[in-house]
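Worksheet: the structure to be examined is printed underneath.
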């Protein structure tokens, strides 16, 4: 079995100085990849189908269900075209990241180079002396952004599961067998949503104790099955009796478009898993085919669900499309199935920050305490995502904020910059240079203005007509 467990690494030596500690920090985040993946282990790697399953599951999460609201924030015409453009740019940046990592691994004669290593090694050979001296901070920056992004995803998963669980429980007494459209929102907060988050917490802690990607692929398959089933029922509903779309604005205001940008970037949740998935493949050279095929399916799904969902619900579109579904047993089961899928996806998204943070902690303790330290850190990180969800229970705005702050940096800003510093000494094409600069500037503008708008909206009074509040529609 291809182990992801950090306990498989050698922890017999402790750092004895600050310099050794810094070295441990810079090396530990790559332990999952460069230290344990060897050609002899390829027979135990992931197949193309297993890799595709992981890729799809990492990208089909809560952000997908928030796309109808994102379309509302952008406009019926601007939204789909903007989402397509962002999708193409994101996939292009994934390919850039893969090419840079492959080029650096060949240059340095390493088996594998992860995201943080790629940034550090590129800075070590760049023309600027200051950047060369501080190249290790390139790895620290990428690691911090990966941790922030992935834990942000996990925090959003807490909110999503709690929102849907609360709505299911509090509507059970009025749930009917006939599926009628929701019309009037009547809030009935019988139990605080934080109670539902705390109810989910111990089950997620147990789930993240699983540290093997091949075992997680089984849960990922189950998550895909429940997600596909719920997606089929959602599409079946939103394609019926669609109101006249001519009443919907083709273009929204620029302020709400900034929220659209954050949500759209957030939706492409798999950028942090691209290099680890390639690294774990039985035949890594086939990953490009898996990436293009899988992301093409994802982009088409995004555009269809976002556009049709907005056309169906119009101005009443909620933070998650599941909150708009009729109050009947059939569509209550959709919320349950999708929540189960998100539950298992939590472990996949949690995998990235865990594999960065835990080796640093384990390197500071003796081998006899390694298991206890590993499980303690995992527990603490899950609790951290739960506390974050409790403190900011606004699903739509947190999605946009995480997307604007961290996802835009990892998906749009850093990969073009990485390509520039990796290939610039080798006489890059002027068109490529201009292209990379433009993509990075676009990502930076979206990051700055999207973050500002999301923070501004968080300071405003909650409008329950658009917030992710649980309620009953009569």
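In case you wondered, yes, glycine gets a Cβ from its N, Cα and C as well.
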When you get a sec, could you say which of 217-238, 327-348 is annotated transmembrane segment by TrEMBL?
217-238
Sequence-remote partners of the transmembrane segment (193-210) [C-beta within less than 8 Å, at least six residues beyond its ends]:
158-159, 161-163, 165-166, 169, 216, 219, 343-344, 346-347, 350, 354, 375, 378-379, 381-383, 386, 389-390, 393, 470
Long-range neighbours of the transmembrane segment (77-100), counting only residues six or more past its ends (CB under 8 A):
67, 70-71, 115, 118, 122, 250-252, 257, 260-261, 264-265, 268, 271, 274-275, 278, 287-288, 291-292, 295, 298-299, 302-303, 306-307, 310, 411-412, 415-416, 418-419, 422-423, 436, 439, 442
Winner by Cβ pairs under 8 Å against the transmembrane segment (140-160), considering only 258-277, 289-309, 369-392:
369-392
Among the recorded stretches 217-238, 258-277, 369-392, 398-421, which has the greatest number of Cβ pairs closer than 8 Å to the transmembrane segment (289-309)?
217-238
